[in-house]
Each structure stands twice: as C-alpha cells, then as structure tokens.
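First the structure, in the form of structure tokens, and then the observations on it.
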Amino acid sequence: MDFFHYQDNHLHAEQVAIRDIAENYGTPCYVYSRKTLERHYHAFTDAAQGHPHQVCYAVKANSNLAVLNVLARLGAGFDIVSQGELARVLKAGGDPAKIVFSGVAKTAQEIAFALKTGIKCFNVESAAELRRISEVASELELLAPISIRVNPDIDAKTHPYISTGLKENKFGIDIKEAFNVYQLACALPGIEVVGIDFHIGSQLTEVAPFIAALDKVLALVNTLESAGITLKHLDIGGGLGVPYDSEKPPHPSAYAAEVKARLADYQHLELIFEPGRAIAANAGILVTKVEYLKPTKDKHFAIVDAGMNDMLRPSLYQAWQQIIAVAPRQDDTPLHTYDVVGPVCETGDFIGKDRPLAIQPGDLLAQRGAGAYGFTMSSNYNSRPRIAEIMVDGDTCHLIRQRETLESLWQGEQVLP
Ligand code: LLP
C-alpha cells in the first residue's frame with residue numbers, strides 16, 4: 001500500500017497535489033512519499049518480529065541522501081555495493097555497524113575504506129576476494145568480518161537480467177564449493193567468519209524459490225556447525241517483488257513467516273534482509289509532461305519530456321509500469337492507445353507501450369513504481385541534465401535533489417590547451 005491517491009480528480013502524494021509539485025519544480029521529476037517508505041520498511045521489521053533480525057535496505061534501489069536518512073532514522077541497516085554507496089550511507093547518518101558490503105568486484109581500496117569504517121560484514125563472492133580481504137585486513141592490522149555469499153543454483157523465475165542465483169550467473173560461490181571456502185576463511189589471517197548469505201534475484205513473486213534456497217543453505221549451516229564453524233547471522237538477500245501490474249507477490253509478513261518457521265531451531269542466527277525494491281518502488285512516481293501527440297498511420301505516440309535516460313527499466317527489461325493521468329480528463333478528449341515515448345534518439349526510448357489514455361499536449365502523466373531503480377539508473381545520455389527529486393512528507397514538499405544545470409553536464413571536462 002502507498003500514499004499516492006486521487007483527491008478531487010487530482011493525483012496527490014500524501015497531502016500534496018502533484019500538479020503543484022510540477023508547477024513549482026518543473027517536469028520531469030521524481031516524487032517520493034516519506035510515509036510510504038516508512039510503511040514499507042516497517043512491513044519488514046514487523047514481519048521479522050520474534051526472531052533476531054536486521055533489515056539492510058539495498059542502497060542501489062534508491063540512494064538519495066534523504067531516502068537513506070529517513071530509513072536510517074528508523075534504525076535501518078544498509079546493503080551496499082561500492083565505496084560510493086558506503087560514503088552516501090555515512091553522509092546520510094547510517095550506522096556503519098549495520099552495513100553489509102555485497103558485490104563481485106570489491107577493490108583493495110574499497111575494502112580498506114570499509115574496514116576502517118567498521119562495517120558489519122563483507123559478503124564475499126569468490127575465494128580470490130577472500131584472499132584480498134585477508135591481505136588488506138592484515139596490512140591494516142584489522143579483523144574483517146565476513147560472510148560467504150553462496151550461489152544455491154535456484155531458479156528465481158524472474159527476468160534473466162535480474163536473476164542471480166543460478167550457477168551460470170556471476171554471483172556467489174557454488175554451494176558445493178562453499179564449505180572449502182569457509183575452511184580457507186578460517187585459516188586466513190585477518191578474517192573473522194560471522195555469517196552466510198545468498199541473493200537469488202529480484203522481483204520474485206513467489207516464496208518457493210526463497211525457501212528452496214534457504215533449505216539448501218541451512219543444510220550447509222549444519223555441515224559448517226558440525227565442523228566447528230559457527231555463524232552469527234544468516235542473510236537471505238533482497239528480491240521480494242512488488243505489484244507493478246497484476247503480479248501478486250507475497251506480503252513481507254507471509255514471506256517472513258515461512259522463513260522464520262524454517263529458522264525455529266536457529267535462534268542464534270540473526271536474520272538479515274536486504275530489500276530494495278519492496279521498500280522503494282511504490283514509494284515513488286515519475287512525473288512527466290506530454291509535449292506532443294503524434295498520430296501516424298499505424299500508431300498514436302504520446303511524446304513526453306521524460307526519456308530512457310531518466311527511467312531505463314522499460315527499455316532495458318521491457319518492464320511494465322503503470323502510467324496514469326495526474327488529472328484524468330473529464331471532457332470529450334478521445335481515448336487512444338498510445339506508445340508513451342521520450343525525447344531520446346533511440347527506438348528503444350519508451351516508458352510504456354499500448355496504454356489507453358485520453359490526453360492532450362501539456363497534460364501531466366505519472367509513471368508508478370518508479371521509486372526503485374529509477375533515478376539510480378538514470379544518466380545524462382543525449383546531454384540531458386538529470387532530473388529533480390522531491391520528497392513529500394505530509395503536506396510539505398522537500399527538494400531532495402535539484403535538477404542538474406547545463407553547466408553540470410560538462411563538470412570536470414576540459415578542452416585541449
Ligand atoms: N542484495 C543484493 C546482493 C542485490 O544484488 C540486490 C539487487 C538486492 C539485495 C536488492 O534486491 P531487490 O530487493 O531490490 O530486488 N535494476 C533492476 C534490479 C537489479 C537488482 C540487482 N540486485 C531493476 O530495475 O529491475
């Protein structure tokens with residue numbers, strides 16, 4: 001559930017009319033709802049009650065400082081994948097002791113920075129990475145807390161680009177080899193084994209693949225414990241899907257209930273979640289203006305001011321996100337089936353296809369589900385400044401990232417002398 005709704009035929013974020021935001025800050029822009037972010041975060045913490053737990057929000061979904069800060073104030077931890085994300089979390093007031101560091105390509109510099117920061121855990125993706133962490137930690141005379149990310153070879157039944165738990169994927173360590181890597185970890189200097197983790201993919205709409213992966217991982221936990229390797233936490237990754245269209249993903253409470261049932265005999269293992277999309281996606285919309293209507297012999301195009309550089313998901317994954325009128329017309333404007341396309345010079349530049357809409361140039365549209373993997377995947381392609389981000393809190397709007405200026409487009413560039 002979210003806090004975007006119609007009031008007097010006008011779309012609102014909490015108590016603020018989207019039309020007013022567009023007037024004040026221009027379009028295109030991202031609009032987030034604080035209350036929705038908080039509600040979704042609490043859905044996880046409430047669901048996890050009864051088992052020691054930590055929710056580590058996946059920063060890649062939406063890394064705006066204000067978003068991170070809202071979650072940090074609630075006690076969230078964070079799942080990061082780069083030094084940049086770590087720096088953002090610290091800047092936003094996040095607690096280093098609640099940060100887990102994922103990602104397949106951690107550099108020595110990133111490892112050193114994270115070690116000095118005092119993060120909770122490195123989620124290790126290969127034996128080579130483990131050796132590098134050991135070297136860096138030994139050099140700094142620090143102890144690196146680690147977890148092995150195991151690849152359980154489970155089909156998450158999601159888009160192939162966002163599936164991560166199959167053995168052909170680059171992520172994690174083959175579950176069959178993980179025991180040996182744990183033994184290596186115990187033998188290496190500068191390493192403290194604290195956990196185990198997996199993440200099998202994103203936008204999962206069923207609990208079964210999570211449980212199948214969990215069962216395999218718990219079997220490994222048992223083997224490790226019989227060999228005297230005891231763990232403090234079990235991190236089950238992110239990946240819980242959201243309803244963009246007619247998907248019916250399980251509520252966090254149903255998902256957590258099944259997980260907790262499996263963990264009844266593992267009270268000593270803190271349960272870590274790394275949700276990104278489930279917290280942020282439906283806490284944000286992309287607001288865009290219709291510039292032109294272009295009827296052709298075959299199609300009706302609605303050309304809008306937001307493009308694939310602002311919102312890449314439809315172009316990259318053929319993702320479907322709802323597009324609605326900010327103020328649905330009540331006049332005799334005809335309803336047509338539109339391809340909603342952007343200004344970028346690519347045929348793949350669309351934010352939605354075959355959408356029934358009654359619109360005129362100048363009308364505002366909102367693309368829903370845009371709070372996760374929206375702004376964070378945006379770029380300056382076609383020399384388009386990245387757009388403003390606004391957070392609504394009750395009846396108040398906060399500009400949480402200003403629209404980039406033209407000058408910012410060439411910041412750091414230099415012509416030859
Ligand atoms: N933990 C790890 C290790 C991850 O790789 C990810 C996402 C998450 C947690 C958070 O997953 P979530 O709860 O958001 O599903 N750009 C794609 C999604 C890529 C997800 C990558 N990893 C999209 O727009 O659909």
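Using the three backbone atoms N, Cα and C, a Cβ is placed for every residue, glycine included.
Now, the feature entries from TrEMBL:
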| type | residues | note |
| --- | --- | --- |
| ACT_SITE | C345 | active site, proton donor |
| BINDING | G239, E274, P275, G276, R277, Y373 | pyridoxal 5'-phosphate binding site |
| BINDING | R277, R313, Y317, E346, Y373 | substrate binding site |
| DOMAIN | 29-371 | domain 'Orn/DAP/Arg decarboxylase 2 C-terminal' |
| DOMAIN | 36-281 | domain 'Orn/DAP/Arg decarboxylase 2 N-terminal' |
| MOD_RES | K60 | N6-(pyridoxal phosphate)lysine |
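Shown here: features listed in TrEMBL, placed on the structure.
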residue : record                              : DSSP (3 states)
K60     : N6-(pyridoxal phosphate)lysine      : helix
G239    : pyridoxal 5'-phosphate binding site : coil
E274    : pyridoxal 5'-phosphate binding site : coil
R313    : substrate binding site              : helix
C345    : active site, proton donor           : coil
Y373    : pyridoxal 5'-phosphate binding site : coil
What average pLDDT does the predicted model assign to the domain 'Orn/DAP/Arg decarboxylase 2 N-terminal' (36-281)?
96
What recorded positions in the list K60, Y317, C345, E346 lie within 10 angstroms of G276 (pyridoxal 5'-phosphate binding site), counting C-alpha atoms?
K60
Count, for each of the binding-site residues Y317, Y373, the other C-beta atoms lying within 10 angstroms of its own C-beta, and report the residue with the smallest count.
Y317
Around the pyridoxal 5'-phosphate site (G239, E274, P275, G276, R277, Y373), what further same-chain residues have their C-beta within 8 angstroms of the site's C-beta centre?
A58, K60, A61, S202, G238, L240, A278, I279, A280, A372
Of the recorded positions listed here (K60, G239, E274, P275, Y373), which is spatially closest to R313 (substrate binding site) when Cα positions are compared?
Y373
Filter the recorded positions G239, R277, C345, E346 down to those with CB closer than 6 A to an atom of ligand 1; keep them in sequence order.
G239, R277
Based on Cβ atoms within 10 Å, give me the single least packed residue among the binding-site residues G239, P275, G276.
G276
Cβ atoms within 10 Å, counted per site: which of E274, E346 has the most, among these binding-site residues?
E274
Rounded to a whole number, how many Å is the Cα of K60 (N6-(pyridoxal phosphate)lysine) away from the Cα of Y373 (pyridoxal 5'-phosphate binding site)?
7
Write down the Cα-Cα distance for Y373 (pyridoxal 5'-phosphate binding site) and E346 (substrate binding site), rounded and given in Å.
20
Out of the binding-site residues E274, P275, R277, Y373, give me the one sitting nearest to Y317 (substrate binding site) by CA distance.
Y373
So if I measure Cβ to Cβ from R277 (pyridoxal 5'-phosphate binding site) and keep only same-chain residues at least 6 apart in sequence, which ones fall under 8 Å?
A58, A61, S202, Q203, G238, L240, G241, V242, A372, Y373
Relative to the Cβ of C345 (active site, proton donor), which residues of the same chain, six or more apart in sequence, are found under 8 Å away?
N382
Could you give the maximum C-alpha to C-alpha distance in Å for the residues G239, E274, P275, G276, R277, Y373 that bind pyridoxal 5'-phosphate per the record?
15
